[in-house]
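Undergrad: Heads up, here are the entries from Swiss-Prot:
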| type | residues | note |
| --- | --- | --- |
| BINDING | Asn239, Met268, Tyr297, His333, Ser353, Arg354, Gly355, Asp394, Gly395, Leu396, Arg397, Glu433, Tyr460 | substrate binding site |
| BINDING | His437, His501 | Zn(2+) binding site |
| BINDING | Cys581, Cys584, Cys589 | [4Fe-4S] cluster binding site |
Amino acid sequence: MSTTTLTRREQRAKAQHFIDTLEGTAFPNSKRIYVTGSQHDIRVPMREIQLSPTLIGGSKDNPQFEENEAVPVYDTSGPYGDPEVAINVQQGLAKLRQPWIDARNDSEELDDRSSAYTRERLADDGLDDLRFTGLLTPKRAKAGKRVTQLHYARQGIVTPEMEFIAIRENMGRERIRSEVLRHQHPGMNFGARLPENITPEFVRDEVAAGRAIIPANINHPESEPMIIGRNFLVKVNANIGNSAVTSSIEEEVEKLVWSTRWGADTVMDLSTGRYIHETREWILRNSPVPIGTVPIYQALEKVNGIAEDLTWEAFRDTLLEQAEQGVDYFTIHAGVLLRYVPMTAKRLTGIVSRGGSIMAKWCLSHHKENFLFEHFREICEICAAYDVSLSLGDGLRPGSIQDANDEAQFSELHTLGELTKIAWEYDVQVMIEGPGHVPMHMIQRNMTEELESCHEAPFYTLGPLTTDIAPGYDHFTSGIGAAMIGWFGCAMLCYVTPKEHLGLPNKEDVKQGLITYKIAAHAADLAKGHPGAQIRDNAMSKARFEFRWEDQFNLALDPFTARAYHDETLPQESGKVAHFCSMCGPKFCSMKISQEVRDYAAAQAIEVGMADMSENFRAKGGEIYLKREEA
């Protein structure tokens, strides 16, 4: 843990330097590859980890080696992971999906922004220095049209996004020839459908059934298509965002890039401070992954932070503002109903969701039903016009172990299931948010309740944290629950950083949270038996047994930390070819002893085989040539 504390000015300057010097960067001994689809502009990025050969024999002067296959892995870093791409944050990323969106001919550019707030911001010359310069002209569905991936899937259409995803989800595993690498234990998938090969048609069918979503706003053409669903790889979300007391636009863009480098499949911008609109524009124009928001946060800012003053009109304007900027999914707390709020009175920690508490306060102060629930169909109409997915928020999630799985939590979940069906009427894609704080033995019920109540819509959970006693280590306490619920069928895990319950995460906290959750997601994929999930583990184990230290570092989720820990005790280059590590030393290394046992067993087998042949030779009378009938 770093003890260096930077001033606000120093933090901003450091972030600005990061942005100014940003360039495409590969991980150690990795290279960016692209797998092309049926049309030339479907180019799916992957990272290929290059491995060194295995010494199999020969002499000191003439060693014999066997090549090890490169290992392809899923890559969320977009252009930031390609050294061949010139990065310019001021200009934003290339608009990868724009030709696909235009070719469908079901959307049109707007003459003006639909949001009054956006028009006010654009007219304010005082914001020119903060504003992203290359603003997109927003698009919206033509009259009578729907532009959602769910709509296309229901029409039987395989979109370029779906083909892109099918290639991406297969992770290049068809390239692997080694039986050692391809070996995989059968998993326990709790009813998930995990085909050996994911096809574009399978992607289409899962989206059409509502079991998966493709967050892909038509105004975010820079994003690389990805999918969230329990029959696909478990995904991880990272939260970023400024607050009234800390962080700047530069720092949030830096966190975005940093998040994609360390494996964030989506990023949520939870900004609540100044310049929310401008910060979000910079993030969207530079994001290769889907961006989610909680619109009620910004709507609250527009009424000076007074929950009672919120109105449907202010919220609707915020939805239009964010949809036309390109936000890919909205968290909407429409399930916090007036009649559920009293259920939380006997809780130890009450309502811990920020959005949930805002809506509960509004309901109580007006003694009216939640206006998000009352206007839900209008929300769906807006989402259908831009292809904004809905993430139905768990505003009544438990904030402590004591409150887990209570009446309030599951009452809201059942309402979210009802809202899911309404959203599907409008061809709007839906996922369901989940807890929270839940002890291990109570986690599986959350998954089974969600599947039943919400009609198998994808589940997206914050952890859950499995104990409340570890502030500063809640990435661990929640990572345990995340791995379990991912195994049971949760489609996406929202990361928790070491700063959870303590403060706003910095860049290093973001990395720690992401690494923890990538471990949890991968462990869940292994447990489910997701095809190809074990390839990287097998490659690591083989490298470990063969003392290929450089390959072990490079196959790690965090190669830099793995190398640093090794080099703390064996920094010399000779330590990277040694057949031992500092934990056991040369005489007690279990791997080295195992190799010696294997070599001894092989030699013994040869010796026993020779003895058997000798005995057989003597039994035949010691004749060099045998008669035909004796042979």
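From the backbone N, Cα and C atoms, a Cβ is placed for every residue, glycine too.
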Undergrad: Out of the binding-site residues His437, His501, Cys589, give me the one sitting nearest to Tyr460 (substrate binding site) by CA distance.
TA: His437
Undergrad: The record lists Asn239, Met268, Tyr297, His333, Ser353, Arg354, Gly355, Asp394, Gly395, Leu396, Arg397, Glu433, Tyr460 as binding substrate. What's the largest Cα to Cα distance among them, in Å, rounded to a whole number?
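TA: Largest pairwise Cα separation, rounded: 20 Å.
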Undergrad: Is Tyr297 (substrate binding site) helix, strand or coil when read with DSSP?
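TA: DSSP call for Tyr297 (substrate binding site): helix.
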Undergrad: Using a 10 Å cut-off on Cβ-Cβ distances across all protein chains shown, tell me which of the binding-site residues (Gly355, Gly395, Arg397, His437, His501) has the largest neighbour count.
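TA: The residue with the densest Cβ neighbourhood is Gly395.
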Undergrad: Taking 10 A as the limit, how many CB atoms besides its own sit near the CB of Cys589 ([4Fe-4S] cluster binding site)?
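TA: The answer is 18.
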Undergrad: Under a three-state reduction of DSSP output, how is Gly395 (substrate binding site) classified: helix, strand, or coil?
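TA: In the DSSP reduction, Gly395 (substrate binding site) maps to coil.
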Undergrad: Cβ atoms within 10 Å, counted per site: which of Tyr297, Tyr460 has the most, among these binding-site residues?
TA: Tyr460
Undergrad: So what sits near Ser353 (substrate binding site) in its own chain, CB-to-CB under 8 Å and at least six residues off in sequence?
TA: His333, Gly393, Asp394, Gly395, Leu396, Arg397, Gly399
Undergrad: For Gly355 (substrate binding site), name the DSSP secondary structure in the helix/strand/coil scheme.
TA: helix
Undergrad: Using the alpha carbons only, what distance in Å do you get between His437 (Zn(2+) binding site) and Gly355 (substrate binding site) once rounded?
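TA: Approximately 17 Å lies between the Cα of His437 (Zn(2+) binding site) and that of Gly355 (substrate binding site).
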Undergrad: Any idea what the Cα distance is from Cys589 ([4Fe-4S] cluster binding site) over to Tyr297 (substrate binding site), rounded to a whole Å?
TA: 55
Undergrad: Between Tyr297 (substrate binding site) and His501 (Zn(2+) binding site), what is the CA-CA distance rounded to a whole number of Å?
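TA: One finds 19 Å between the Cα atoms of these residues.
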Undergrad: What does DSSP call Cys589 ([4Fe-4S] cluster binding site) in the simple three-state scheme?
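TA: For Cys589 ([4Fe-4S] cluster binding site) - judged by DSSP and reduced to three states - the answer is coil.
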